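K.L.:
What TrEMBL lists as region 'Disordered' is A:1-27. Positions annotated as site 'Interaction with tRNA' by TrEMBL: A:H152, A:Q365. Taken from TrEMBL, the feature active site, cysteine persulfide intermediate applies to A:C223. Residues or ranges marked as domain 'tRNA-specific 2-thiouridylase MnmA-like central' by TrEMBL: A:243-296. According to TrEMBL, the feature domain 'tRNA-specific 2-thiouridylase MnmA-like C-terminal' maps to A:304-381.
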Amino acid sequence: MPDSRATATPDPRSGTDPGPDLAPGRGRRAVVAMSGGVDSSVTAALLVEAGYDVVGLTMQLYDQGQAVAGGRTCCAGQDIHDARRVADRLGIPHYVVDYEGAFRRDVMERFADSYVRGETPVPCVLCNQTVKFRDLLGAARDLGAEILATGHYVRRREAADGPALWRGRDSAKDQSYFLFATTRAHLAMLRFPLGDLTKDQTRALARRHGLAVAGKAESQDICFVPGGDYARVVERLRPGALDPGDIVDQAGRVLGRHDGIMHYTVGQRRGLGIGGTEAPLYVLQLRPGRREVVVGPREALARDRFALHGLNWLGPGTAPPETGIRAMVKIRNTFDPVPATVEVHADARARVTLETPAHGVAPGQACVLYEGERVLGGGWIAREGLSE
Amino acid sequence: MTGDLVYLDHNATAPLRPGAAEAMRAALAVVGNPSSVHGHGRRARRWIEDAREAVAALLAVPPAWVVFTGGGSEANGLALSGLGDGPRLCSAVEHDSVLRWVPEDGRLPVDALGVIDLEALGRALAKAPGPGLLSLMWANNETGVVQPVAEAAARARAAGWRVHCDAVQGPGRLSPLDMAALGVDLLSLSAHKLGGPAGVGALIVADGVTLAPLVRGGGQERGRRAGTENLVGIAGFGAAAEAVRAGGAAESARLAALRDRLEAGLRASCPVAAIHGAGAARLPNTTCVGLPDTAPTADIQVMRLDLAGVSVGAGSACSSGKVAPSHVLRAMGLTEAAARRALRFSLGWSSTPADVERVLAAWAALAP
């Protein structure tokens with residue numbers, strides 16, 4: 001793989017991609033975050049091939065038995081086993097790092113609290129921000145590694161003002177939405193060798209390297225919520241948060257009952273359990289204080305202005321221009337970017353105005369800003385400041 | 001040792017002694033079930049009984065007291081489960097294979113050096129509804145701290161209790177080994193902690209103790225452990241036990257000298273490091289180093305040393321490889337942060353002065 005960091009600064013708007021930035025390893029130490037899945041396994045194989053002194057680390061994040069059933073199983077089981085067997089196959093040292101405490105505090109509890117506040121959280125971003133790029137990155141540094149590689153489908157490119165984040169070349173696999181909070185300091189040490197590949201290419205590489213995980217199924221759920229029953233996880237972490245309440249319309253008329261606001265997401269249509277109305281009803285708003293779910297017709301979902309907090313800037317310069325910027329934005333992972341204007345305020349806050357109103361702007365989700373393929377940054381959609 | 005790699009984790013498992021390997025190779029050629037009446041069976045039986053005598057000699061007990069098991073954890077389980085439903089007491093620093101059998105309120109506190117509180121033992125004995133079983137380890141696997149087993153056993157026995165000692169860390173480190181001097185009824189051994197193979201151990205059961213078996217079936221081991229004997233493993237155990245006995249006090253002194261050099265060197269490069277349990281009676285082979293809270297946690301230190309070719313231990317690793325904060329150090333009053341920053345160096349029969357110097361060189365390069 002050629003070292004292309006010496007090439008000219010890419011113009012993000014042109015979409016011209018200077019190519020992968022994984023330099024030859026020449027025996028330098030690299031840590032690979034190995035989950036036991038096919039992506040991170042291939043990442044490890046590519047680094048070995050590129051000549052790095054590779055060390056595999058697998059994060060122990062939660063007790064699988066405990067997260068689901070409250071039982072106690074000592075060990076996570078299959079995924080750690082798979083990562084270890086891949087490391088054996090590649091002939092690299094492999095270790096498990098225990099981040100159960102940090103994961104519970106920084107990801108699972110914040111996930112639960114977010115639901116209790118009537119939001120729709122994105123725990124994968126929290127995990128990347130905390131255990132992965134704070135703790136694991138620190139461990140990699142402690143182990144003398146120059147880089148930390150992960151199996152994310154995003155591209156990292158050297159731009160004039162430092163490392164930049166680009167969408168994965170395979171738009172179906174692009175994971176940039178979940179990495180908006182990655183800082184430049186993180187990016188300086190991170191590498192994403194799969195950013196230029198498709199999943200099929202990754203699987204082909206896994207087979208070529210003889211990795212037993214080549215055909216392993218994709219994980220679809222939030223890792224600590226197997227089966228998607230997040231209400232059960234929230235109930236375990238925050239008992240009582242499942243209190244039932246009223247389903248009301250925009251005028252405050254009670255239309256029915258619900259068994260906990262966390263079962264609802266803004267923009268959701270199905271599962272309201274209300275019949276007899278002419279037009280289908282959508283969740284417009286969650287009012288945690290009154291335990292109310294507000295529903296209404298689809299038109300009432302349209303929002304064109306909302307506020308962000310926790311803004312992370314990865315665009316040109318060290319901070320976003322005070323005059324505001326125009327960008328393409330995604331308000332959830334599965335959303336085709338739409339044009340918007342972003343006004344930046346102090347304290348990492350911002351106000352977003354969409355050119356055309358969107359349906360299902362949900363507090364707690366991330367709003368990620370793009371310029372072409374480049375990620376300019378992003379922030380969290382606030383509960384306050386949502387246009388009516 | 002392999003290349004430049006240094007192995008200083010004998011308390012996890014000791015390398016197989018050459019004599020044990022040789023005995024096992026010979027035993028692999030043995031045909032026959034030791035329970036069979038024919039000549040093949042009798043020849044197999046002879047291997048088992050030779051090993052039984054060697055293990056018995058190590059502890060200066062009659063061979064008939066030796067019950068071979070599938071390892072130290074099984075020996076502990078047999079001792080803790082086999083005496084009926086009476087109350088059970090142990091120290092808070094026992095191995096998990098003992099703790100699992102003892103309720104929380106039966107786990108007696110230790111002092112800051114990790115030594116059992118004999119006054120607390122006295123109170124617990126007085127409060128107990130009736131006589132039961134006290135289980136106290138000879139020496140701790142993480143800190144090497146030696147417990148006052150004889151004293152504790154005398155108190156318990158005076159109250160009509162039975163006493164078990166998990167002695168897996170004793171042989172190959174302490175000398176002399178004498179079960180009678182400990183005054184216990186039951187004593188657990190593990191072959192691989194003393195240079196034999198893993199998967200075989202023994203429970204030494206004194207006369208007059210009736211034990212219900214954990215593994216039921218055939219009448220092997222006088223009805224106390226069913227299942228055809230692990231002949232190859234037992235042969236290795238016997239040979240390793242003989243080698244330990246031959247090493248005697250001279251080996252203990254050799255290990256103590258290596259350990260003293262190691263500790264002096266560790267502290268020279270990192271004067272803020274603490275040595276947990278120093279000040280108590282300790283095994284001559286074990287050093288548990290406490291690093292300051294600013295240092296990376298012990299799991300990272302173990303990885304760093306491993307990447308430098310040095311194998312040491314930290315806390316008790318679960319089979320996933322994650323390292324939990326040591327319950328032993330927590331029981332000694334350390335904070336969780338401190339308990340997560342303890343590294344264990346444990347020497348043994350294969351350790352040399354050159355090993356110690358290599359470890360110190362790696363440590364000096366990495367010391368926090």
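Using N, Cα and C of the backbone, Cβ positions are placed for all residues, glycine too.
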K.L.:
Taking the Cα atoms as reference points, how far is the residue listed as 'active site, cysteine persulfide intermediate' from A:Q365 (site 'Interaction with tRNA') in Å?
P.N.:
18
K.L.:
Relative to the Cβ position of A:Q365 (site 'Interaction with tRNA'), how many further Cβ atoms are located within 10 Å?
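P.N.:
Result for A:Q365 (site 'Interaction with tRNA'): 25 other Cβ atoms within 10 Å.
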K.L.:
So for A:H152 (site 'Interaction with tRNA'), how many other CB atoms are inside 10 Å of its CB?
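P.N.:
Here the count is 28.
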K.L.:
Count the residues of the domain 'tRNA-specific 2-thiouridylase MnmA-like C-terminal' (A:304-381) that DSSP assigns to helix (H, G, I), to strand (E, B) and to coil, and report the three numbers in that order.
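P.N.:
When I sort the residues of the domain 'tRNA-specific 2-thiouridylase MnmA-like C-terminal' (A:304-381) into the three classes, I find 0 helix, 47 strand, 31 coil.
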K.L.:
Mind tallying the domain 'tRNA-specific 2-thiouridylase MnmA-like central' (A:243-296) by DSSP state, helix then strand then coil?
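P.N.:
Counting residues per DSSP class in the domain 'tRNA-specific 2-thiouridylase MnmA-like central' (A:243-296), I get 3 helix, 20 strand, 31 coil.
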K.L.:
Run through the Cβ atoms and count how many others sit within 10 Å of the one on the residue listed as 'active site, cysteine persulfide intermediate'.
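P.N.:
Other Cβ atoms within 10 Å of the residue listed as 'active site, cysteine persulfide intermediate': 17.
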K.L.:
What's the CA to CA span in angstrom from A:Q365 (site 'Interaction with tRNA') over to A:H152 (site 'Interaction with tRNA')?
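P.N.:
Here the two Cα atoms lie 20 Å apart.
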K.L.:
Going by DSSP, is A:C223 (active site, cysteine persulfide intermediate) sitting in a helix, a strand, or coil?
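P.N.:
For A:C223 (active site, cysteine persulfide intermediate) - judged by DSSP and reduced to three states - the answer is coil.
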K.L.:
Average pLDDT across the domain 'tRNA-specific 2-thiouridylase MnmA-like C-terminal' (A:304-381)?
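P.N.:
Mean pLDDT, the domain 'tRNA-specific 2-thiouridylase MnmA-like C-terminal' (A:304-381): 94.
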